[in-house]
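Taken verbatim from Swiss-Prot:
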- E106: active site (ACT_SITE)
- D9, D105: Mg(2+) binding site (BINDING)
- 5-190: domain 'UmuC' (DOMAIN)
- F14: site 'Substrate discrimination' (SITE)
Amino acid sequence: MDKVIFMVDMESFFASVERANHPELSGRPLLVSGDPERRSGVILAACPVAKARGVTNGERLWEAQQKCPEAVVVRPHMQQYVTVSVQITEILERFTDLIEPFSIDEQFMDVTHSQRLFGAPREIAQKVQQAIWHETGVRARIGMGESKVLAKMACDNFAKKMPSGVFHLTKERMERLLWPLPIECLYGVGRQMTKYFRNQGIRTIGQLANTSLERIKGKWGVNGHVLWLTAHGIDPSPVTPHSHDKQKGIGHGMTLPHDYVKAEDIHVVLLELCEEVCKRARRAHLMGRTVAIGVSGANMETPTGFHRQMKLTNHTNITMEVYEGAATLFERFWDGKPIRRLHVNLSNLTSDEAWQLSFFGNRDRAHQLGYTMDTIKEKFGDTAIRRAVSFLSASQAEERAKKIGGHYK
């Protein structure tokens, strides 16, 4: 039996969930923006009607409103999106246990052996679409192929543009349908890689596919090899339900509301990020021994900042121990330029069961205190108990507690 893999993608996911929750908005263009009160906020999602007017995700709200002035603008509700995403996963699991989340609104399915129960691939796709629509009010588009990359490209380049929302891209159809497309339509090719390819005279997927592998590997190494295979629809990776289960690191970052220029202000946010990282580590019963921090400025055209890591004395999930390492890195490598984004990561993980008592300090007490604080926050909210520094003007703890994934709950 030929392998059949689906890429199931939700149409304008955030906007679709908002519309399903607010039937009174039916028929009106809808935009989801991080901060509707600020015209400088960015578009997180736009309904198909707004997209047809030229609105794109990531553009400024005021620009979108010029293109679609009658659009209703709503604030995102990330907790609701997460809930619906989980609900959709449960729907997909009725058809196969081989489900691999790709993002909050995209999932791979291997339905190879589901055909005996649910019919041909297109029939299964239609049943999946109907179930998702009836239970969530969200429309799904489904790309089909014998590999994950074929399914992904079938979805992005064809299914999203078809009334049925379903498209099967076989290897036999690649040369006729996929290869004439611009090189940027190839999965894995971003803006920078598009420039590189175009400078080399490679403007279509077919031109890449027909370029010798030796030339591609010689110029772009392993990444070029992978893209050449993708252009041929070759991807041996299976749909793996638990591929994201084992964590290699626990990180947390945030974009600041304005440039931070004072070291004492940056230290406040750095401590709060370490608090969040350690809370997540304790929740997973993990400890880490390598701490890394990354900082950057607001101007992406002329990047500033650094990314450095160091090994700690012990595996830990104690906030102050991780913070001491992060603070050391910051003081050592910060050049004094304004900072707009910070990130803290804890890696080299091991089980919390390996905790070693220290008879010459207060490590065990601090270790238990962390879990006690977590229990209080779980019961009464993240702002129920805070460090004193979180009451300073530089603190972002209270604002961050209102958000999931950087957006309001």
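Each residue, glycine too, has its Cβ placed from N, Cα and C.
Cα-Cα distance from D9 (Mg(2+) binding site) to the residue listed as 'active site': 5 Å (rounded to the nearest whole number). In this structure, the recorded positions under consideration are D9, E106, and the one with the smallest number of other Cβ atoms within 10 Å of its Cβ is E106. Sequence-distant neighbours of D105 (Mg(2+) binding site): residues of the same chain at least 6 apart with a C-beta under 8 Å from its C-beta are D9, M10, F13, S85. Note: the Cα of F14 (site 'Substrate discrimination') and the Cα of E106 (active site) are spaced 12 Å from each other.
Counting every protein chain shown, 27 other Cβ atoms lie within 10 Å of the Cβ of F14 (site 'Substrate discrimination').
In three-state terms derived from DSSP, D9 (Mg(2+) binding site) belongs to an extended strand segment. Across the domain 'UmuC' (5-190), the prediction's mean pLDDT works out to 93.
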